[in-house]
Amino acid sequence: MAQHESTYVPKSATARWWDERLPLMRLLHDSFVDYPTPRNLNYLWTFGGILSFCLVAQILTGIVLAMHYQPSAAEAFNSVEHIRRNVNYGWMIRNFHAVGASMFFIAVYIHIFRGLYYGSYKAPREILWILGVLIFLVMMATAFMGYALPWGQMSFWGVTVITNLFSSLDGIFPGLGTAIVEWLWGGYAVTGTTLNRFFSLHYLLPFVIAGLVVLHVWALHVAGQNNPTGLDIKTKSDAVPMHPYATSKDLLWMFIFLIMFAWFVFFLPDYLGHADNYIEANPLVTPPHIVPEWYFLPFYAILRAIPDKLGGVIAMFAAIAILVFIPWLDTSRVRSTKYRPIYKWFFWLFAFSCLALGYLGSKPAEGVYVFWARIFTFYYFAHFLLVMPIVGILETPKKLPRSITDAVLGGKGDGSGGAAKPKGAAAAPESR
Amino acid sequence: MKTLMSNTLRAAGMLAAVLATSAVMTGPGNAAGGEPIHIEREDWSFGGFFGHFDRPQLRRGFQVYKDVCAACHGLSRVYFRNLAEPGGPMFDEASVQALAKDWPNQITDGPNDEGNMFQRPAKLSDPIHGPYKNEQEARFVNNGAYPPDLSNIIKARTIENHDAWYAHVFKMGRDILTGYQEAGADYVHALLVGYTDPPSGFELSEGMHYNKAFPGHQIAMNPPIPPEGAVEYQENAGAKSSLEQNARDVTAFLAWASDPSLESRKRIGWQVMLYLLVTTVLLYIAKHRIWARVKKR
Ligand code: HEM
């Protein structure tokens, strides 16, 4: 829908002067004000805006933290305590940043499952989807390195366990894994050198994410937004201008999200973290349970479900990499799961598996926990490799509405169906 | 043919979902890791959304720390000045100054003009040090055990959750809705009152003490507070000294020490919440009016 005609009219001489030289305002106006959005978007479509907010919030709070933080093995923990105790409102900035990472992941998981449910990865949105997977991957790297920075017990041992995983690559080519691990560490053990480089990368990667987000939004504005019906925008009445329609919803849900965010920042700042991280890193004392942050738990469970270390590492990375291929694994003719009576069940089974894997990832890798982790790991992959291709071919989708407008007005019983042209839409996109 | 296939598939999908659910229900309960230790949830003045410290309690708690715990434990991330600041025990500044001056564990400063380090009395801007120069000395004096610095102890401890997965989910929901963050305080309180005789058959190593709350039940710390209480509270202190009372008070004091901004955090939290709620209502109304133009033709 990026091809829609520009409706930007410069309102002053200065604006016109600018517009003839660098039409930045025109680009923003056409992308975020007069951009046609499907009229039937539900609140799950507000998470893109929420994610952008999260990224900006992490960068701003992070820059302030970095003014007081010291990335050395001797001082990292002390400097975070200094931020908590002595810097004016340091506790607040730090809570916003630490809780913000969790909120970022809550939002991104909702965003991903939204895409999975409504088939937003299907043509013509494959590149858009793959860019999303890349953002997710870089986010995970950023958060992992960020969690190392306070240099508490869980920081240190989390880094030790996860970086050590790469040593299993020795099984593919002798010496390869060891070389990678030593290269990551900058030495023969996790030390202040490791911390230092993690800090450097933790500062860099969010800006890489910002670049990827620009591409992601660009791709979105070329393909147009998907919507709960999965149908394309066909007529003017299917769409409304982004502003004020989509923006008013975005803002409302951003504030609802902020209520939850603030709830954790002010009343439960440590709930999502680990008590052990309030103990300074000590290479001589191993904590009884080494557990990653909650947002990594499903992948951690997959890692430990495989009896072989190398196999586990491969499975863990494959669990993310496989997302890249689902635009081609899904053979369904319709996008939205709303119209897929059989796949619907498998979708919820998949969602349940992910939650179950998250729970199992937080438990010790023994007994029944391992058994169930294996079952759900199997389903995780089977969902993409078997269910998506096979169900898509065999299933008969429900009857689709004729258009987005039909889907919105049809059930409302005003009898006029899709032929009616609502007042708001008359003033919509191109005709304004 | 096609419908038959899809019906079969649908049944298979449903069956799989139901199986998965019920199987996990009966699955891992207390599968792993030692027998669970039960620790009561206490009622803390600083817990929950309206939580704030009980000033007289913090003062009593500091007295317990000073007279008992400070013999072995430092509090180095807390500065003497903090004891006079809002949100804490709020002793008056002159008495804190006097306290700092007389604190037995002096500050190593220097080098002086002759190039030597020297000991001097503490000032308001100095940390509350424990008795030992370093971990080695602490272990040497305590038979190899290490009394940790207590500045962060409440945040650095928690209670492990051993519930079955479905109970886990409910508990998590309840804790989030009620703002429960006091597991560390509950643990330290339980530890201090948790000394008992070992159950028969329990093998206690030399120099160790049995404690109900401590993981593994063998702790090197002597019971720090005797049953009748360890300190004499002043007449107007607001409570009578006893093991239970001393333990509660020192735990509250340590909770403040590890989270000195708790009161302003919760106060600002409510202001932020109020602002967010009001704005959300306004945004809801605005959204409704904007969309009314589209929906109602
Ligand atoms: C994608 C965005 C980001 C994510 C997901 C993220 C995540 C995290 C996490 C999980 C922590 C550990 C929090 C804790 O438990 O204390 C952390 C710490 C930190 N981050 Fe970030 N971060 C992001 C962006 C940034 C940026 C842009 C900067 C600097 C400009 C930054 C600077 C810091 C610093 C200095 C710390 C250590 C202080 C502390 O631990 O509280 N972060 N980050």
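Note: Cβ is positioned from N, Cα and C throughout, glycine not excepted.
Now, the feature entries from TrEMBL:
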type     : residues  : note
DOMAIN   : A:14-229  : domain 'Cytochrome b/b6 N-terminal region profile'
TRANSMEM : A:43-68   : transmembrane segment
TRANSMEM : A:89-112  : transmembrane segment
TRANSMEM : A:127-149 : transmembrane segment
TRANSMEM : A:156-181 : transmembrane segment
TRANSMEM : A:201-220 : transmembrane segment
DOMAIN   : A:232-402 : domain 'Cytochrome b/b6 C-terminal region profile'
TRANSMEM : A:251-268 : transmembrane segment
TRANSMEM : A:310-330 : transmembrane segment
TRANSMEM : A:342-360 : transmembrane segment
TRANSMEM : A:372-394 : transmembrane segment
REGION   : A:409-432 : region 'Disordered'
COMPBIAS : A:419-432 : compositional bias 'Low complexity'
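Counting only same-chain residues 6+ beyond the ends of the transmembrane segment (A:127-149), those with a CB under 8 A from a CB of the stretch are 69, 71, 76, 80, 101, 104-105, 108, 111-112, 115, 120-121, 155-156, 158-159, 162, 194-195, 198-199, 201-202, 205-206, 208-209, 212-213, 215-216, 219-220, 223, 292-293, 295-296, 320, 323-324, 326-327.
Packing against the transmembrane segment (A:251-268) from elsewhere in the chain are residues 43, 46-47, 49-50, 53, 92, 95-96, 99-100, 102-103, 107: each is 6 or more residues past its ends and has a CB under 8 Å from a CB in it. Note on the domain 'Cytochrome b/b6 C-terminal region profile' (A:232-402): mean pLDDT across this stretch is 96.
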